[in-house]
Amino acid sequence: MTLLILLRHGQSVWNQKNLFTGWVDIPLSQQGIQEALTAGEAIKNLPIDCIFTSTLVRSLMTALLAMTNHSSKKIPYIIHEERPDMSRIHSEKELEQMIPLFQSSALNERMYGELQGKNKQEVAEQFGEEQVRLWRRSYKIAPPQGESLFDTAQRTLPYFQKRIFPLIQQGKNIFISAHGNSLRSLIMDLEKLTEEEVLSLELPTGKPIVYEWTEQKFTKSALSFG
């Protein structure tokens with residue numbers, strides 16, 4: 001059995017302020033830091049061979065904090081794929097104590113366009129709660145100058161299929177720390193959800209969701225905490 005662990009980053013400073021964040025690179029709040037550490041406690045005894053995050057700092061912070069108390073005692077190290085010489089380790093002994101971490105913008109949050117930096121309640125008052133709900137949760141409706149969930153899936157799913165899924169097929173246990181909508185697009189594919197079903201899919205911050213890869217299919221595990 002091979003595991004795929006999905007984790008939406010801990011609360012960010014802008015989550016705390018109820019602002020649309022998208023691609024704006026905002027760090028975790030104090031609560032988000034604690035959520036990441038708590039998530040780490042939940043998954044500390046699960047095997048992890050490789051980590052993937054987005055290029056946004058809240059995703060990276062969450063992964064690193066979650067791994068601080070992992071039972072393997074292994075240290076995540078960032079692989080700079082554009083400059084592999086930067087992260088080459090020349091000691092086999094040290095390499096055995098490390099877990100590779102890869103970053104990709106394909107896993108970034110959906111880009112919220114003209115909503116980024118705006119207060120969610122104020123936007124709802126301006127455009128109506130139903131319109132904002134469709135922007136945030138529907139599959140193909142995008143906010144002004146932003147991405148829909150469909151647009152987000154056009155980058156997350158090819159990256160998963162090309163870069164991550166082959167590792168799972170090799171028996172590697174994968175930990176992905178990413179964002180609400182990049183993970184929603186992935187879960188929609190893993191669970192074969194319809195466009196209607198994905199409307200109600202909500203992912204809380206800092207709650208691990210675990211899938212088992214067995215018999216050539218993904219099944220949500222009882223180990224999930226979301």
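Using the three backbone atoms N, Cα and C, a Cβ is placed for every residue, glycine included.
Pulled from Swiss-Prot:
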{"type": "BINDING", "residues": "8-15, 21-22, ARG58, 109-112, LYS120, 136-137, 180-181", "note": "substrate binding site"}
{"type": "ACT_SITE", "residues": "HIS9", "note": "active site, tele-phosphohistidine intermediate"}
{"type": "ACT_SITE", "residues": "GLU109", "note": "active site, proton donor/acceptor"}
{"type": "SITE", "residues": "HIS179", "note": "site 'Transition state stabilizer'"}
When the Cα-Cα distance from HIS9 (active site, tele-phosphohistidine intermediate) is computed for each of the recorded positions GLY22, GLU109, HIS179, GLY180, which gives the smallest value?
HIS179
Across all protein chains shown, the one of the recorded positions ARG8, HIS9, ARG110, LYS120, HIS179 with the most other Cβ atoms within 10 Å of its Cβ is HIS9
Counting Cβ neighbours within 10 Å across all chains shown, tell me which of the binding-site residues GLY22, GLY180 comes out on top.
GLY22
Using Cβ atoms only, which residues of the same chain lie under 8 Å from TRP14 (substrate binding site) while being at least 6 residues apart in sequence?
PHE20, THR21, VAL24, ILE26, GLY117
I need the least crowded one of these recorded positions (GLN11, GLU109), counting other C-beta atoms within 10 angstroms of each C-beta.
GLN11
Does DSSP put GLY180 (substrate binding site) in a helix, in a strand, or in coil?
helix
